[in-house]
Amino acid sequence: MSWFSGLLVPKVDERKTAWGERNGQKRSRRRGTRAGGFCTPRYMSCLRDAEPPSPTPAGPPRCPWQDDAFIRRGGPGKGKELGLRAVALGFEDTEVTTTAGGTAEVAPDAVPRSGRSCWRRLVQVFQSKQFRSAKLERLYQRYFFQMNQSSLTLLMAVLVLLTAVLLAFHAAPARPQPAYVALLACAAALFVGLMVVCNRHSFRQDSMWVVSYVVLGILAAVQVGGALAADPRSPSAGLWCPVFFVYIAYTLLPIRMRAAVLSGLGLSTLHLILAWQLNRGDAFLWKQLGANVLLFLCTNVIGICTHYPAEVSQRQAFQETRGYIQARLHLQHENRQQERLLLSVLPQHVAMEMKEDINTKKEDMMFHKIYIQKHDNVSILFADIEGFTSLASQCTAQELVMTLNELFARFDKLAAENHCLRIKILGDCYYCVSGLPEARADHAHCCVEMGVDMIEAISLVREVTGVNVNMRVGIHSGRVHCGVLGLRKWQFDVWSNDVTLANHMEAGGRAGRIHITRATLQYLNGDYEVEPGRGGERNAYLKEQHIETFLILGASQKRKEEKAMLAKLQRTRANSMEGLMPRWVPDRAFSRTKDSKAFRQMGIDDSSKDNRGTQDALNPEDEVDEFLSRAIDARSIDQLRKDHVRRFLLTFQREDLEKKYSRKVDPRFGAYVACALLVFCFICFIQLLIFPHSTLMLGIYASIFLLLLITVLICAVYSCGSLFPKALQRLSRSIVRSRAHSTAVGIFSVLLVFTSAIANMFTCNHTPIRSCAARMLNLTPADITACHLQQLNYSLGLDAPLCEGTMPTCSFPEYFIGNMLLSLLASSVFLHISSIGKLAMIFVLGLIYLVLLLLGPPATIFDNYDLLLGVHGLASSNETFDGLDCPAAGRVALKYMTPVILLVFALALYLHAQQVESTARLDFLWKLQATGEKEEMEELQAYNRRLLHNILPKDVAAHFLARERRNDELYYQSCECVAVMFASIANFSEFYVELEANNEGVECLRLLNEIIADFDEIISEERFRQLEKIKTIGSTYMAASGLNASTYDQVGRSHITALADYAMRLMEQMKHINEHSFNNFQMKIGLNMGPVVAGVIGARKPQYDIWGNTVNVSSRMDSTGVPDRIQVTTDLYQVLAAKGYQLECRGVVKVKGKGEMTTYFLNGGPSS
């Protein structure tokens, strides 16, 4: 019966579930482990003891265009996951289980259910729904508190009206009972008082529960008083009143399911007990009690069918909203991490410009955009570690990366203190610029002080390691172009002839000395003592360019005094701040080094900076709940309605929102129709029990039953469509998925139930008893009273009619009203029908019923009942009256009570419909806003990751983003067989000139950008997926293959052949570029293979690189190569020759640091 479970089961779309556990599969091993043994990444801390690994939060669903290896990383780990805790919702499509960590998981219900399981699920329907987390349950109650408060206030007004109606019904006849009048007056006063209480600002959730139970107590008292005050008494007297009380207990009082069920059953039982005790001598007691039981059971069923889906929908909406907020916060947290990492690698102005270009779709241009800015009056410092090869040969991979990381992290700190911007780390070479991005007048002083500090730092390394290492520092002042080139693996860099000169100043310098040009000396203003540097004697370039150089001897006396005073001020500040700020450590978190203003400009709201420490201390669940709590406090229901929803119609003011809302599918629609069928069955049983049978009545009931059953079956196809023909599936989908069609079917079902409630009225005897008795007693019909009928020995319920006729007598028309009320209550089950639609339907049905009741033939049934009920009262009193002194009727005529009863029920039904629709629409609106914010965060995350993946390899970026708790860890890999390529444009330096005609060299860089972009596009091709671009160094392009398990082919060595193919492809591309740019660029490419160390150094500004003898030799293959040729080592020759590649021996070549080596030229790929 899967179609019926639609009522009991909250359908959850797997693609957008609010349960955090559905969308990800648990990873079988931690990030960083490899199946093979060639390359094992290690993460170590040089500053702290080892800590347990922090879990990676599960990512939310993402757009298809974000689908890449990094985004698809695993699911939730164990620990503090960002998953919603399960809520006990009774019947569901999924089993809710609890893991060892206490987190709820949801498993698909694919196993057939046993009878015991179905019974257990059925019992859960009647249980109160609540989240397993008490805090989450409190948030849910607060979430709906404002709506419940306004609904409770309106309910008090309806109950005041109800007490007024009851008072009028009781006081209108001649014999009102003071006790009952006093009871109703007190009840009305209490309801007014409670209405005032509900509107007070101090009204809280706990008070709402108290008010609800007080209302139930008052209703029970009114019900008892009404039964005792009934005159004449009857088991069906005032039957509509407990039906109304039971209905509002389920629908309008903000109480949980268990309390609603107990209240409904309690009120029903109370009326049955009173009817039994007060009418023991009634000949028709058990017949009417049986009908009453069916009537109350049906009312309770309607209440359950209304309360359960409404609460489940509300809780599901709350879950989904919380889920979107949770995903948004998670994405915001990830974006903040990405922004910090991004801004730690690229200057803010460059990163923002790139992000803006990604956000804005540009028209296709002839050239790729170049991100370059020109800066005059800067100083460039190049520093190289002399003796690094000796140091590296004595270190393991871990020790090498740790040493470099600590040393360059120290340099980064010194650069920040000396107002220098680190540009790049090239192996053991470090270079920075002062005067970027903001201009400084003392840029030369900053670089000189930076050089002094670097030499002091390397002396400490020399003392600790015992290895003779030192620094050569070269400085030049002039103009630079700064920015990034290419499409992938962006690295901020500087270019100009002055940068080239600064590089040669380092190469022509002396160990432990600072080598400067005259241009730099002029900016120093005599603050330093210098001596001739004679750089031309040590460097050919300096000699060719006739560069006059100097070596710094030390600061002048004036400069020493200024530095001493500055140091004293800094010590004073340090002493005053001691204990407030942490001491410097070499590898502090990059994620905490940037100003929040940059994050806001990049699209991340960092307004919570002041509370950052508190939020970092919260676990993810508590952070989501805290955010949701603040959002609930800030949310104004009245303002939301005013801004977005029309007051009476409850439709959205914006048509696009209304269209989106109308496309919402209610998967429980089949259950609503099934519930209407159940109400119809109860009505049939009541009428068969109370009223005489007729062939016409049975025929009508059979026809309605078939129509409703067919409707239910058609709607059920939507839940289990694969078992039915496709035409029937399409019909079912067209009904359930269309709000207009489902509304029409819902109204049709209610009309059928309504027809069953009134159809039997036309099969009863409509002859007025007054007319028959008047003929028998020779009186006018107006003179006939109950006493006259008593004299004729005719009373209520006699089968033999007083008047001649062929149609049966219907003695208890109160049950027609009861059935009519049930048919109206059945409309409340269809939660998807709009409140204005329900109001129109109730108005039309009520009008039809009143026209029949007041003007149609059935009116005589109610007149006859009022007269016979008086006879029944006289018989119960055992008194005899003649026709002249017969007592007046003790109650208002039933047909005049009916319009007022219908009005009270219509108000309650409309109030409930307004509450349901208003809640659904506001939930939809808030969820839509949360969804929009989440999607914006997803887009921002995608932009950030596209930028980030163009800077660091994906697994490296994953390390820095996922392991935020261990920001001081190192990342490195020892890889045993990696192919490395250096490809340089040998004559680009001849092409590069700085003239006004080419914008001081920018146009030359633009062409270089196009060349590198072409190389990047080629490396992005699928056949070169094993390759990883490392970086560009001026006009040299560096790439490698086999750096991780996914790209390393230990057996087939395909990663090596892929790099060889790429090198040949670059040669072809350079020929193509020369043809179209009318240039004659010549490329030299060097290839080598062997073990390398890959890792990241400088956690403040992480930079990925590879080191080792393999890298050095590959670079030498490029520098000692021949233009337009690809030079490879003997090791690589053996692999390529075995694969059929065409190579020729070049011979013996002298290689710096390696002596003589036999090399080969790669001429072509395998012959076909």
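Cβ coordinates are placed from backbone N, Cα and C, and glycine is handled just like the others.
The following features are taken from Swiss-Prot:
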type	residues	note
TOPO_DOM	1-151	topological domain 'Cytoplasmic'
MOD_RES	SER54	phosphoserine
TRANSMEM	152-168	transmembrane segment
TRANSMEM	181-197	transmembrane segment
TRANSMEM	214-230	transmembrane segment
TRANSMEM	239-255	transmembrane segment
TRANSMEM	259-275	transmembrane segment
TRANSMEM	289-305	transmembrane segment
TOPO_DOM	306-673	topological domain 'Cytoplasmic'
BINDING	ASP384, ASP428	Mg(2+) 1 binding site
MOD_RES	SER556	phosphoserine
MOD_RES	SER576	phosphoserine
MOD_RES	SER662	phosphoserine
TRANSMEM	674-691	transmembrane segment
TRANSMEM	702-718	transmembrane segment
TRANSMEM	743-759	transmembrane segment
TOPO_DOM	760-819	topological domain 'Extracellular'
CARBOHYD	ASN793	N-linked glycosylation site
TRANSMEM	820-836	transmembrane segment
TRANSMEM	839-855	transmembrane segment
TRANSMEM	897-913	transmembrane segment
TOPO_DOM	914-1168	topological domain 'Cytoplasmic'
MOD_RES	THR919	phosphothreonine
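Sequence features, as recorded in Swiss-Prot, placed on the structure.
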residue	record	contacts (Cβ under 8 Å, 6+ apart)
ASP384	Mg(2+) 1 binding site	ASP428, CYS429, TYR430, MET471, ARG472, GLU506, ALA507
SER662	phosphoserine	ARG739, ALA740
THR919	phosphothreonine	PHE144, MET147, GLN314
Are the transmembrane segment (839-855) and the transmembrane segment (743-759) close enough that 3 or more Cβ pairs fall under 8 Å, when only pairs 6 or more apart in sequence count?
yes
With pairs fewer than 6 apart in sequence excluded, do the transmembrane segment (897-913) and the transmembrane segment (820-836) have three or more C-beta pairs that lie under 8 Å?
yes
Against which stretches of its own chain does the transmembrane segment (152-168) lie, if we need a Cβ under 8 Å and a gap of at least six residues from its ends?
181, 184-185, 187-188, 191-192, 194-195, 198-199, 208, 211-212, 215, 219, 222, 226, 241, 244, 248, 252-254, 900, 904, 907-908, 911
With a Cβ cut-off under 8 Å, give me the same-chain residues at least six positions beyond the ends of the transmembrane segment (674-691) that come close to it.
3-4, 7, 287-288, 290-291, 294-295, 297-298, 301-302, 305, 697, 701, 704-705, 708-709, 712, 749-750, 752-753, 756-757, 760, 764, 808, 810, 812, 815, 818-819, 822-823, 825-826, 829-830
Surrounding CB atoms that lie within 10 Å of the CB of ASP428 (Mg(2+) 1 binding site), all protein chains:
20
For ASP428 (Mg(2+) 1 binding site), which of the three DSSP-derived states applies: helix, strand, or coil?
coil
PLDDT averaged over every residue in the topological domain 'Cytoplasmic' (306-673):
79
DSSP on the residue listed as 'phosphothreonine', three-state: which is it?
helix
Any idea what DSSP makes of ASP384 (Mg(2+) 1 binding site), helix, strand or coil?
strand
